[in-house]
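Reproduced below are the annotations present in TrEMBL:
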TRANSMEM  22-44  transmembrane segment
TRANSMEM  56-73  transmembrane segment
TRANSMEM  79-99  transmembrane segment
TRANSMEM  200-219  transmembrane segment
TRANSMEM  239-257  transmembrane segment
TRANSMEM  262-277  transmembrane segment
Amino acid sequence: MSQKQLKEAFISNLNGTSLLEISAGLSLPPLCLLCRGLLLILYYLHRGKPVSSRTYSLLLDFLVLVSPLVFACTVLSPIIFFIPVILAAFCAAIFSKIYSQTKREARAPLGQIVKEFQKACLDPECIPAITVFRVYVNVLTSISILAVDFPQYPRRYAKAETYGTGAMDLGVGAFIFGNALVCPEVRQKPHRTQPRFSSLARQVFSVWPLIALGVGRLLSVKSIEYHEHTSEYGVHWNFFFTLALVRLAASLLLAIFPKHKAWLVALAVAVLYQLLLS
């Protein structure tokens with residue numbers, strides 16, 4: 001077989017993996033985030049000040065937030081179900097250390113500290129959970145895109161050819177969902193009234209980076225004769241074009257139908273899509 005045929009065989013006949021394994025992988029980002037927070041608290045208790053060095057902060061973030069995901073998607077994938085247990089045990093050990101230290105030093109009882117924490121208010125204009133979700137979607141997407149062409153990345157995590165669910169299949173939906181959370185229609189103030197198709201007109205001009213990236217990828221793939229998976233997007237289509245089309249289609253639907261009826265439109269689209277798949 002030629003080199004091109006070997007590469008095509010490497011990305012063909014993929015059926016994905018189980019939802020249980022994907023769920024085990026999805027439990028890692030929250031655990032990594034919890035581990036980072038507990039380590040920062042422990043550092044503050046020992047040093048009396050937060051981490052001030054940008055170098056140490058960046059190193060901590062990479063080791064705790066990114067490295068476990070890289071290893072879980074590559075060399076540690078055979079033991080993916082044990083990684084969340086190990087991280088949870090590590091977090092429990094750090095929490096126990098923090099609890100024992102604060103119990104010795106804190107003047108206020110733990111119940112009072114918890115009540116004061118519950119009364120804390122966040123900025124309503126910025127929801128940290130959405131930011132964290134979008135960051136992790138981008139991190140996992142970057143890891144998968146860079147690793148999928150190497151044998152260390154399990155074939156079951158790649159996109160399924162026809163039916164099935166791979167980790168990268170979930171990434172496609174998560175990417176679109178993350179963009180929908182911060183789209184202009186969602187962030188628009190309730191009391192502001194704008195022309196119905198003004199948002200659609202803005203979206204037409206705002207998707208040009210996606211179209212440019214899609215055209216650039218298309219030209220580069222054709223020019224270097226990179227192996228193409230035609231069952232994935234076809235001959236000339238790619239994910240950047242999909243993002244641009246979904247963004248325009250969503251703005252068009254929201255311009256035609258009332259926003260408070262958007263859930264009905266979403267339900268109808270989901271049912272129609274499932275019928276087409278069946």
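Each Cβ is built from the backbone N, Cα and C atoms, and glycine gets one as well.
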Using Cβ distances below 8 Å and needing 3 or more such pairs, separated by at least 6 in sequence, tell me whether the transmembrane segment (79-99) contacts the transmembrane segment (200-219).
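Result for the transmembrane segment (79-99) with the transmembrane segment (200-219) is no.
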For the transmembrane segment (262-277), find every same-chain residue at least 6 residues outside the stretch whose CB is under 8 Å from a CB in it, and list them.
253-254
